[in-house]
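These notes concern the structure reproduced below.
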Amino acid sequence: MSRRNPPGSRNGGGPTNASPFIKRDRMRRNFLRMRMGQNGSNSSSPGVPNGDNSRGSLVKKDDPEYAEEREKMLLQIGVEADAGRSNVKVKDEDPNEYNEFPLRAIPKEDLENMRTHLLKFQSKKKINPVTDFHLPVRLHRKDTRNLQFQLTRAEIVQRQKEISEYKKKAEQERSTPNSGGMNKSGTVSLNNTVKDGSQTPTVDSVTKDNTANGVNSSIPTVTGSSVPPASPTTVSAVESNGLSNGSTSAANGLDGNASTANLANGRPLVTKLEDAGPAEDPTKVGMVKYDGKEVTNEPEFEEGTMDPLADVAPDGGGRAKRGNLRRKTRQLKVLDENAKKLRFEEFYPWVMEDFDGYNTWVGSYEAGNSDSYVLLSVEDDGSFTMIPADKVYKFTARNKYATLTIDEAEKRMDKKSGEVPRWLMKHLDNIGTTTTRYDRTRRKLKAVADQQAMDEDDRDDNSEVELDYDEEFADDEEAPIIDGNEQENKESEQRIKKEMLQANAMGLRDEEAPSENEEDELFGEKKIDEDGERIKKALQKTELAALYSSDENEINPYLSESDIENKENESPVKKEEDSDTLSKSKRSSPKKQQKKATNAHVHKEPTLRVKSIKNCVIILKGDKKILKSFPEGEWNPQTTKAVDSSNNASNTVPSPIKQEEGLNSTVAEREETPAPTITEKDIIEAIGDGKVNIKEFGKFIRRKYPGAENKKLMFAIVKKLCRKVGNDHMELKKE
């Protein structure tokens, strides 16, 4: 692109697949050329040379065709003027060919003194600072922190006007009393000296007289008269007219007269700050003059005086031992000077703002995009010159509203932290008006899912469990209520507990007698429920059974897993008819009574199912109505008993028979009868033709043939007859 092609190297043929947007321009130019040729070669337009036959008659000034012809003329003149620098010429257009525009790079000499910056406005609409901004527009670098608090150009101009008006007003107020107190002779003589241009001593004498008069007039001001002091305006006026010597002499005369006046009256002269006059150089006020000499605060000792170092002991010529110290080295990194310079230049961003400050754009330097942007400049000969962009800036608009500073935002947040949001108060008001205290308190209770209606009647009630509330522990911090008789203390404690239970807790409970179950909920821990028992039994099956097993509730070792699971999921089947005495002692909770009352309306069909079968004993589970038809305890329909039911009713005493007692009796019968010995036939029948799970097979054999001897025989027979299939199964060996 930077190479300049000679005229001979261009054959004039453009590419055939060029973009069609050039076609419209080519057709327009051909039309203009044809029209100019029809007008004739004799007439010529003003300002157009007659050498070309294509240029003809006069065209109207406001006609766009005339502007096109004028442009062609300028291009032709530019090509002739630039013939020494460039050999490129615009080729005569052919209707069958496309136009070619040469592209060249800018010379290195021109690029040295040129810096090109691109400004991009990040906005959806087109931004034109000349039309969209309020002129004049200012582009400068400045600190953008707290930009909303910085003054705009309009505010600065307004304040400058106010300050200038204030200064003029103050000068007028100062000059008004001074004009009346000035001596006429002094002013006339001063004006004469200035107009006549007399020598410096003459002006000096005049200023001395004026200053002397001013001092004499200032003395009564100390004593309390109303005559104002002389103003130093005369001295400044002399200085403004070029009489500098007069000002210095006037100052000297003022000092001498003031000193004589002070000595004469014996009182110090008080000078106001406004009357002190301007300093020699206001920029150097408060600075200390340095003469280059070193100032020492310590007193100098002459010869014959006491030496301050006389009390210091001599060192004896000893020196401190210095080892071979290694020279400390540090690593230095050479910084790029261009990067350092760029960081210094871009420390403050560019800010473009208009006069009123309504349009403020802040530019950020984009280092990565500077290499991909160029400018194409149109030259006089129709070619383009490519100029690389040095820097690219992206301008973003600043907010037109004032934002909060960090301190103001923290104060706002501190104020809001103690307040409650408005919507929350409204929500609380709706709750208070639409619901009652009973509903609001009941929301805190957690509902527990009910189990099936079939298992509801068989659920054990823990109300018979009584906790010892009178037991005292060593870590109890509660002191006894009354020191005295223990029996009276116990009665008072029980009375207080009853009152607490009978108290109506915010209208949530009905007026009814407290139950023992509620006492457990308030003052003690409830007995482990069915879920807890199920979890405990599941833990006992694991390897940590010794930690969770108890002496009271031991699992029967002769029960199978199916029996244990059935026992966990179901309540005991065999219950007594005559359980009135037990039901009186057991008082169910009101919640359970309510559930039973609701379940009573639900019609349930009587069901009967087999719970377990072991050792020719079948345990049935069913409804109470069906179980009443069977005799109590163990029953064998094949055995005939010559005992009437009436005799059984008179002889037997009703006593509660539980499932655990029946299990214990069966266990005792098993212990009395000797265990059968296992044989190979039993193993073959148990395994069968297919695969068997090893664990289930072992449990089945140990349950059917208990004993250590049968266990050893089982291992020997299994090793002899079976083979392992996988990790968990086995089968009989095929012969």
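Placed from the backbone N, Cα and C atoms, the Cβ positions cover glycine too.
Checking the ranges 86-105, 326-345, 446-465 against Swiss-Prot, the region 'Disordered' annotation falls on 446-465. Per Swiss-Prot, the residue from the list S123, S364, S560 bearing the note phosphoserine is S560.
When S45, S589, S655 are compared in Swiss-Prot, the phosphoserine annotation sits on S655.
Helix, strand and coil counts under DSSP for the compositional bias 'Basic and acidic residues' (165-174) come to 10 helix, 0 strand, 0 coil. Assigned with DSSP, the residues of the compositional bias 'Basic and acidic residues' (487-500) fall into helix, strand and coil as follows: 14 helix, 0 strand, 0 coil.
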